[in-house]
Structure formats: structure tokens, C-alpha cells
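Read through the structure below, which is laid out as C-alpha cells, and then see the notes.
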């Protein structure tokens, strides 16, 4: 029964979404557990050797130990990226492209997620300035793409008969759920994850999806929380550690009555910090773009080993800088010894103990600690906690040096071939900046009501907002990570200001990397001035088409010589109405009007060729130099006869054996074509592979029929036309594609405004949009490339020139 079937489908969807959430949580747990293990091991060894060597004077040895650890880890991370190059970087640009509707090869494969998770674990443990949060989003997305398929290319032997979710739209929905679960696991922010998926990713979104995605995010957060609380505190079933990145609790000490988390006066400072954060973020993006371009020119063309060497170089530099800075540039500061009042809550004490335990006392006398080493010789998460919650001061010099070093090194690191996130380095950088502002305000302006933690948080938000330019999702993620709803307003204002300031100079870091890859990403909407353009200005009139009944040889040659993903199914109109003025004046006037208002492909191409006189290709030049076709003499046919001929059977069995020759006029080459539907490349190849065809002597009814399940059985890897064994096919056989084509795709008229075309394309998640004129003839096709910002800009310039 259809109703029961639909209910079963819905139930399977919910189970899948839950499974994706749980698996993403487990991936996060795996990464977190091993990063913690390796980092603790590394710091324990190095710290004891530093303490020994301070007395004996053998510090070079401890530096070598640290280098040994870091270089080994980074080398392993780089090797994993060599296995699967898509695993480099944070993966957010790739997932953004995928959800926007662009397939990046290999981005959601099982191999990618294995290399990503293992690699990020090594690159974080190797002391690079990278975070493990960005890669979590990618890992979640891969889990979302792979789980509902129940199959993988890497494990070909395993094959379940699982008939559900065999379409791109379903897969994309699950990927957006997985990406949201990744954010949720990373920051303990399920709502933030859902909003991230909405804001950054999907071009196509429906109401039911929102609820499923939130459920998926919750499952991820609480899976991670459950296991981490159990492993770390041994209290299974109590949920104490929400995300991988935890900001701790912001709270004034009870003895201090004047202390407030923030006041109205601070908002002014927050806006200024937002402006500075936007400027710093724009600088970061600009530097990183230059670096990425340099890498594309000079590193990527070289042998793969060069990338590994670059990663090792970055690791070496980072390690040496960290070590030397901690030894030489740190200052000894007094430990804050505010005795906690007895009635303080347990969690608060646990928190402050955690903050105090990560203080490093390198080279400092008793009761003091080395502030630079405390920031550099800790995992990044605890350094952030230090900046947010440490009551003791960090000196302004240390903070500015730390900020500068961190800014430059993390900018250099983002983009080398290791899996790397950008959230945590940006947060840490910004937190140092915010703490610096608070220090200066306290000591030089004498505002003593300031709570430094708030300023550190706002600084972190400002810098991160200036780099990634996310708005709503980032606000919610930060509010959920701090567990403090009162921070909503300051965070939101800061992020808004930071985004506006940054957008004045360049795009967000992810958009920059997407653009550098040359991916045709669709924005949310077009600019206002684009409405001077119509669909006919941006479409592609040079079509590759198939007939309803086509010979196999034509199909094979079309599929082998083009890379299009869909082909219009058309019939030709010959003997179109010529100008005949005899008879009824009314009718001839009507025909005249119709003639003048119909846009034809030949006319459009001629108009283009006039503007393409300078084009190098000889064929186009022939088309350009061609004189306007002479007026044919009016045909002596009866008008009624014409009208009847016009209405012949919709699918005449045409056998196009003649190909367009050079001598043809523009009109002959671009004949009027009546549009009947669209057929996908994958469908045509499937029909050829399955031998769906009939011979000339039989009727088309003798052709075998395939069900929808059989057509989509090979999803997502349809056979390739080049792997097809042509000896099995008889080239004179005919394929009737009409049962398999989409007879009613979305289509637009030639004078539709570009903004309408864009909205239709974007909201319906289309790939091909035929342009059909008033009499049902196809005059062009619009694909994603015709809607990218650059293409529209070029067309607009052309439009202004022709005016």
C-alpha cells in the first residue's frame, strides 16, 4: 500500500538520521580521546625534561625531544593526506560546495573520513596551530553521505540490498544533517549546528528537514557527552562535557559585588573590538589568499613529497617558535591566590582547578608562573580556558607577542596538506586580543568594573567573525558553548560589526578557498542591476540534443564527444510558415507578429557572432562573416495545410543521419526545435548498457521496459560511456527515450528576468533549465555556470556595450 510504504520510508529516514548523529559523535570521541592521549604523553615527557634541564643547562635536548614528537605526528598526518588529497584543510569549503549542488570528487568517500579523522588527530597532537573542529564537520558530512547508502567503493565486497535513498536529493539532505551533527559534536551546540547547515550549506531546504537535522545534532552531542563524561570522570550516564570545545562557566566571584559580566558601557568597546576584529580577519584572509595562490603555483605542481616537506617545515618553525618564546619572552607573574569561599559550587572549583593545573612554571621562582609558557605549552582548548577564566594577569607584552606569533603562524598553517580546522586558532588569537584590550582598559583607563573573561570572549568572537563571516550560526554556537544567554546581545553585535567591516575588504576565508578552486557556487541572490539581463542573454543557444527515437550510433557519438549531463529531447520543425501575405490579412498580420516576437536560435547566434568577430576559431568566423540569409520566395501552399502540418504527431521517427555541414546557413544549422523533455546522461548510458532498443523493422512497442528501481540501481556510480563495450551494440538499432525522459522539467521563457531564473534554479536545486519560447521551441539551456557571479558580470558588460 502506498500509505504504508510512505510511513515505512519516513521511519527508515528517522532511524538513519539518529544513526548518523551517533556515528558522528563516536568519530568525535575517537579523535578527542587520541589527541588527549598523545598530547598528554608528549607534554609529560617534554615537561619533565625541561625541568631537569633547567638545572643542568641542556635545554637543546628538550627542544629536540619536542621536535621529535611534533615532526613524527605531522609527518603521519601529511602521509594520510597523500592517500586522499581531499582530506587536507578543514573540509568546510568542500562541504559547502557539495550542499550547494557541486560534486567535488571524492569528498564524501569512506577513505576521506578515515584519512580525515586520523590525520586531524595527528596534526593537532603534532602541535600545529590547527583545530579539530572544522574536520569534524567534514567527517559528519561523510558519515551522513555514506551510512544511508549501505555501501562503499572502498569496501566493494560488502553489498546490502537496501533500496532506499537512491537519489541526489536524499543524499544531500543526509549530508546536511551530518554536517550539522559535526558542528554539534565539536561545540556542544545542536541548535548552532542546525543553523550552520542552513546558513552555510544547503541550497534546497524544506521544513521536515529542519526537525530531522536538529534531532541528528542532538543525538551527536549527547552521544559524545555520554562517552566523554564516562571515560573522563567515570560517571557513566551523567552528562558533564557537552562538546569537544568547551568554554567553561563565566561567573563573577561572589566576594566581588561590583563585578558584572558586562554593562551597557562595555557595548561601545565591543563595537570597536568588532571593527578591529573585522580588519584583522580581512588581513588574515588577504594573507592566506596570497599564500594559497603561491602554493597553487609553486607547491602543488611539484612532486607530492614537496607538500610533505612543506608541512614538516611549518611544524619545525612552529615548534621552535613556541619553545623559544616560552623560554625567552615569558614573564613571571604572581599566582592569583584568592581563597575560594567554602560555599562555592563544586563545578566552579573543578573548573578553577582545571585552569590552575595547566599553569606552567618554567624558569620561574616559587609562587609565580611563566605566562607565555602557560599559553604555548598547553593544548589549545586549555589555553582558551586560561584566557577566559584565569584570574591572574597576563602581561600586555606577552599577550601582544602571543597574538602576533599565533596570527602569523596559523595563517601560514591553514592550507598546508594536513587536515586542519580554523575555529580554535581563530578563537585563541581573538581571545588573546580581547584579553589585551581588557588589560589596557583596566590598567591605563582605570575601568575596574571590567570582567576580563567577557572581553576575551568578545575578542574571540570578533576575530573569528572577521575570518569566517558567519552570522547567525556563529552567534548561536558561541552562546551555546558559553552556556550563558546573557552574552547573546554583545556576541551578536560584535559579529555583525566584524562581518560588515570585513566584507568591505574581501570575502570570508571559506568563500575565498572555494573561489580559488574555481567552483561555480551560487550565492543566495543576484545583484539588483542583473535584472537588466533576461534569460535569453545568459542561456547557451548551441545545444546538443537527442531525438525521441535516435539511432544507437548517434547516441554513442553524442555521449562520447560531450560532457553534458542532460540532453533536451526535441523534434525539428521543417516547412515552417514562410511569409505568405495572400489570403486573409488578419492571419498574415498574426503570423507577422508571431514571427517578430519569436526568438530563434539562429537569430540569437547571429547576434552573438556579431559581438564575437574577434573570436579565433575559424568555424565561428565562418558563422560571423555569413551574409544575412536571403528572403525565400513565399511558398504556394495552402494556409490550412501549413497549420495542419505544424501539428504532426509529437514524436516523428526521425533518423538524423546528416550532420551539420559547413555550407549550411545559420538558419539551417540552428533549426527551430520543438521541446519535449530532458533526458540525463546517466539514463542514456543505463539504457545502452541494458540494451534497451528496437530494430527498424519492428515497432517501438517491442522495446524492453525498465522500472525506476532498475534505472537507479547503479546510483551513485553510473557506468561510464567509455567503459561500454561497443561490439555488443548494433549501431543501426533505435532507442526510444520517451518513456525515460522528464517530460515536464522546469522551463523559463526567453524574457524571464535573471533574478527569477536564479531563484527558481537555486530554490528547486536544479542543474538544467531549458529556455522555451512562446511556441514551445527550445532556444537554449541554462546551467549553473551561466548563473555564477563572474559569468553574469561579463554578460552585463556585453549588454552595456551593445546598448
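Note: Cβ is positioned from N, Cα and C throughout, glycine not excepted.
Some features that TrEMBL has for this protein:
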{"type": "TRANSMEM", "residues": "12-35", "note": "transmembrane segment"}
{"type": "TRANSMEM", "residues": "71-92", "note": "transmembrane segment"}
{"type": "TRANSMEM", "residues": "113-130", "note": "transmembrane segment"}
{"type": "TRANSMEM", "residues": "174-197", "note": "transmembrane segment"}
{"type": "TRANSMEM", "residues": "261-285", "note": "transmembrane segment"}
{"type": "TRANSMEM", "residues": "305-329", "note": "transmembrane segment"}
{"type": "TRANSMEM", "residues": "397-416", "note": "transmembrane segment"}
{"type": "TRANSMEM", "residues": "453-479", "note": "transmembrane segment"}
{"type": "DOMAIN", "residues": "741-802", "note": "domain 'CBS'"}
Touch test for the transmembrane segment (305-329) and the transmembrane segment (71-92), at least 3 Cβ pairs under 8 Å: yes
Secondary structure composition of the domain 'CBS' (741-802) [DSSP: H/G/I, E/B, coil]: 28 helix, 15 strand, 19 coil
Tertiary contacts of the transmembrane segment (261-285) (same chain, 6+ residues out, Cβ under 8 Å): 250, 252, 407, 411, 430, 433-434, 437, 441, 447, 449-451, 453-455, 458-459, 461-469, 484, 486-487, 489-490, 493-502, 504-509, 512
Stretch among 12-35, 113-130, 174-197, 397-416 sharing the most Cβ pairs under 8 Å with the transmembrane segment (453-479): 174-197
Integer average pLDDT (0 to 100) for the domain 'CBS' (741-802): 87
Most Cβ pairs under 8 Å with the transmembrane segment (397-416), selected from 12-35, 113-130, 174-197: 113-130
Distal contacts, the transmembrane segment (174-197) - CB-CB under 8 A, six or more residues away: 16-17, 20-21, 24-25, 27-28, 95, 98-99, 108, 132-133, 136-145, 147-148, 165, 205, 209-210, 212-214, 216-221, 223-225, 241-246, 423, 470, 472-474, 476-477, 479-481
